[in-house]
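Chemist: Got a structure for you, questions after.
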Amino acid sequence: MSEIQPKTEVPPKTVEEEEESDDEEDNTKVTEGGNPTGGEGAAKKKKKKNKKKKKAAPVASAADIIDSKPIPSGLVQTNPPTIPVSKQFSNGVYPMGEIQEYRDSNSYRTTSEEKRLEERIHANIYNDVRRAAEVHRQVRKYVQGIVKPGLGLTELVESLENASRTLIEADGLKAGIAFPTGVSLNHIAAHFTPNTGDKTVLKKDDVLKIDFGTHVNGYIIDCAFTVTFDEKYDKLKDAVREATNTGIYHAGIDARLGEIGAAIQEVMESHEIELNGKTYPIRSIRNLNGHSIRPYVIHGGKTVPIVRGGEMTKMEEGEFYAIETFGSTGRAQVIEDLECSHYMKTDYQTTVRLPKAKQLLQYINKNYDTLCFCRRWLDRAGEDKHILALNNLCDLGIIQRHAPLVDSKGSYVAQYEHTLLLKPTAKEVLSRGDDY
């Protein structure tokens, strides 16, 4: 989720399977009269029945998590996906993302036993966010198989979000969707999800950005990609994907955010694209950024620019970052426009007098707290007459609107994004998959 600058296959066996148990055969011999051979007065032996036992779910050790392997091959998933990832990884250890070693003055970290011991302290956090990442990979694989011209955006986001809820075993604030699914088309760069009743249908000429998030215990995966149906847009996608990978490459402990932005812009703007006989430079959208991520807070306080001239603040050990870039054929600057769908609670607190607004705020606190939400989710939960109450909370400053961010009409914007973690020993690109 972007940050704008201030203006059916057979399921695998699981750990929950019960051991099969049959009634133990009665080996006592019985005579024609029906009495046991042990004598007239001997009592009949009762059949013994084994009690069914459930295997205890294994507890992943810190060592198992630290030594987690990349995604194993041969995972079984249905289509559409219905098997939670916890059932696929029965040992409770989820696969790590792509590991990139630190360079230069931090290269010692790769083999430092002291730094490796530090990682063990945070093993459970790593496992939580890797679970969220694995859900993201599997859901987007499914979505990449169903997205096509003629598909409605509402059907697309509902299919994606339902799959996410199932695979992550959504449970209130413990695990679930981290923010509304962005399905921004063409010149719309970010923050568009359909409100209830939206009838928008994908067309062959569209450039679609799919930006969605998952979380476990507040540890968020924020990851996005671009879908097109015409190869004429390939150079736009290639430029943005390369720019994002450049940002990831330059990220690391002690890396300066402004230098990362300069590197991203240099790569992005070395590309151009020809559309309908006219050549367009591909430019970084200067007022969109990547960002740090904190538990339950998608925009964690630090911004990762995608143009030169940014602050020289350093990245630090233990931080999570969403490295995302946007390339545009237009003016390369976005403004807020169109009907709002994204909302998020602020830190501001004040008295709420309107009963409906007070009731809605209680629901938001319980189900989303500081996570972003959308109007469609409120409708889904039965809060279908929420607009006046929601507007009241926005007017009070308790809730903030995040309207769609748009470039110039007629332009095309592409986006790629990954979430990474600056561990003590290495940089882990948590959301990396075999697709991008």
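A Cβ is built for glycine as well, from the same backbone N, Cα and C atoms used for every other residue.
Pulled these from Swiss-Prot:
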| type | residues | note |
| --- | --- | --- |
| BINDING | HIS191, HIS299 | substrate binding site |
| BINDING | ASP211, ASP222, GLU417 | divalent metal cation 1 binding site |
| COMPBIAS | 16-26 | compositional bias 'Acidic residues' |
| COMPBIAS | 44-56 | compositional bias 'Basic residues' |
| REGION | 1-61 | region 'Disordered' |
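Describe each of these features in terms of where it is and what it packs against.
Modeler: Under the DSSP three-state reduction, HIS191 (substrate binding site) is assigned to coil, being neither helix nor strand.
Following the DSSP three-state reduction, the secondary structure of GLU417 (divalent metal cation 1 binding site) is strand.
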Chemist: Out of these binding-site residues, HIS191, HIS299, which one has the fewest other C-beta atoms within 10 Å of its own C-beta?
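Modeler: Each of the binding-site residues HIS191, HIS299 was scored; lowest Cβ tally within 10 Å is HIS299.
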Chemist: Check each residue in the chain of ASP211 (divalent metal cation 1 binding site) that is at least six apart in sequence and keep those whose C-beta is under 8 Å from its C-beta; list them in sequence order.
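Modeler: Correct list: MET1, SER2, THR181, GLY182, SER184, ALA190, ASP222, CYS223, ALA224, GLN415, GLU417.
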Chemist: Among the binding-site residues ASP222, GLU417, which residue has its Cβ surrounded by the fewest other Cβ atoms within 10 Å?
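Modeler: Per-residue Cβ counts within 10 Å for the binding-site residues ASP222, GLU417 bottom out at GLU417.
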